[in-house]
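Undergrad: I have a structure here, written as structure tokens, and I will follow up with some questions on it.
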Amino acid sequence: MSSLHNDKILILDFGAQYTQLIARRIREIGVYCEIWAWDHDPSEIAGFGAKGIILSGGPESTTLPGAPVAPQEVFDSGLPVFGICYGMQTLAAQLGGATEAADQREFGHAEVDVVAADALFSGLTDHAGASRLNVWMSHGDHVSQVPPGFTITAVTDRIPVAAMSNEDKRWYGVQFHPEVTHTLQGQTLLRRFVVDVCGCQTLWTAANIIDDQIARVREQVGDDEVILGLSGGVDSSVVAALLHKAIGDKLTCVFVDTGLLRWQEGDQVMAMFAEHMGVKVIRVNAADRYFAKLEGVSDPEAKRKIIGNLFVDIFDEESNKLANAKWLAQGTIYPDVIESAGSKTGKAHVIKSHHNVGGLPEHMKLGLVEPLRELFKDEVRRLGVELGLPRTMVYRHPFPGPGLGVRILGEVKREYAELLAKADAIFIDELRKADLYDKTSQAFAVFLPVKSVGVVGDARAYEWVIALRAVETIDFMTAHWAHLPYDFLGTVSNRIINELRGVSRVVYDISGKPPATIEWE
């Protein structure tokens, strides 16, 4: 590990939905951290070399037998400890205090009164003339009695212990969630713990991460050649830019143009990487193969498999032509790493598997290069900007691995894909013009394989239907449909119907997630 990783925080995950958010907040402060499951081998804690430990929230109850606990090594380590929500409850229960189940859960906005100043709370307030903070609560149980040596530092009118600390041991606990933006002073509390109490330097910045990764990649691959599957998505684009900076023309990218990409995306990828940045890119025009394989297939899962498997076959064919390649680069990011670790312990909440392209075949005897595997998505984007990629590319909306293949309901045909790509481009173009693109989390068009009656000139015509979908979400686990202005939707509809032959009707999807998923298939 480089000096960038010397000052770091360990987060033990008790299964809360907010755990990754804690890690992202600490990274934003400029400090490296990792998430381990609460039942990770405790003998590895000392070797990890953290400057402090955070115990996350979780869905369990400390009042029930068999509840998850922090390993004794946490308290024997001499390190500062910060328990959040369930983390504070287990801190209290394990150190000689008491917790109890409440009659009802407390969820949402709350106000806490700071009753004793410590290293975290000293001087903080959200209310003039009162030591009161606006926070976000999400708990059932609460601490009813603090352990020996602890002081109550905050209370609410509903619970006797909203925060507690043992300053001699540098152990702290809060019942609320400082990582959520609704807790107005949350980032200050985390910064005070990580920087002031734990003494971490803030070295985790985009520029330092790039320098560190360049050094690590050069050390890993030496003079060998590396291949990368370039999709045009954010992760693979940032990997391409980073590796090009590290090893220059020892990197070869394979870009498979499936015919299921965004409008003119193949040309844009080539212009960006091959022409503008000088990256070696092999473009494989595979649309004919994809449409042939997809003919007559309407089941979404079958379509996904065909699209994923064909990508692997084509990538395999191309990599076999590159006899000197010893390494395969991939855009694996930290949430992928956490997810596979979580599914091993069985304790962490398993998140729905996403449509990343299927795994590459076992027989490809290549070493793996994964320069983004320590990074969250927002960090990957910041790296992209730092590397000089256009902001419009780095911050664009997610696009599914199978591309338009899962946005054309039922059978996929070339004519459908071309119509849909153009309709989608019109929608995105208008969103950007109206300054609405960055206000939505994801927006796209869907091709519906049904014909609807319309009037063209004086004649009736049966033509296709395009659905528009736009959502607002923080984490893509839940989403609200975006309340786009009617005039705006009218403009988009008029353009699609007037500019695209074969479309007579445009509809807007007003379903939330749940019950609907964001994508239609």
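Each Cβ is built from the backbone N, Cα and C atoms, and glycine gets one as well.
Okay, so Swiss-Prot annotates it like this:
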{"type": "DOMAIN", "residues": "8-203", "note": "domain 'Glutamine amidotransferase type-1'"}
{"type": "ACT_SITE", "residues": "C85", "note": "active site, nucleophile"}
{"type": "ACT_SITE", "residues": "H177", "note": "active site"}
{"type": "ACT_SITE", "residues": "E179", "note": "active site"}
{"type": "DOMAIN", "residues": "204-396", "note": "domain 'GMPS ATP-PPase'"}
{"type": "BINDING", "residues": "S231, G232, G233, V234, D235, S236, S237", "note": "ATP binding site"}
Undergrad: Fewest neighbouring Cβ atoms within 10 Å: which of the recorded positions E179, D235?
TA: D235
Undergrad: Give me the sequence-ordered set of same-chain residues, not including S231, G232, G233, V234, D235, S236, S237, with a C-beta within 8 angstroms of the centroid of the ATP site's C-beta atoms.
TA: L230, V238, V239, G331
Undergrad: Indicate the candidate from G232, G233 with the smallest number of other Cβ atoms within 10 Å of its Cβ, considering only these binding-site residues.
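TA: Result for the binding-site residues G232, G233: minimum number of other Cβ atoms within 10 Å at G233.
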Undergrad: Quick check for the class: what is the C-alpha distance, in angstrom and rounded, between E179 (active site) and S237 (ATP binding site)?
TA: 29
Undergrad: According to DSSP, collapsed to three classes, what secondary structure does S237 (ATP binding site) have?
TA: helix
Undergrad: Would you report the average pLDDT that the model assigns to the domain 'GMPS ATP-PPase' (204-396)?
TA: 87
Undergrad: Can you tell which of the binding-site residues G232, G233, D235 lies nearest to C85 (active site, nucleophile) in space, using Cα positions?
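TA: With Cα distances computed to C85 (active site, nucleophile), the winner among G232, G233, D235 is D235.
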Undergrad: Quick one, of the binding-site residues S231, S236, S237, which Cβ has the fewest other Cβ within 10 Å?
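TA: It is S236 that, of the binding-site residues S231, S236, S237, has the fewest other Cβ atoms within 10 Å.
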Undergrad: Calculate the distance in Å between the alpha carbons (Cα) of H177 (active site) and D235 (ATP binding site), and round it to a whole number.
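TA: Checking the Cα atoms of H177 (active site) and D235 (ATP binding site) gives a distance of 30 Å.
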Undergrad: Around V234 (ATP binding site), how many other CB atoms lie within 10 A of its CB?
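TA: Around the Cβ of V234 (ATP binding site), 24 other Cβ atoms lie within 10 Å.
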Undergrad: Taking the Cβ of H177 (active site) as centre, how many other Cβ atoms lie within 10 Å?
TA: 23
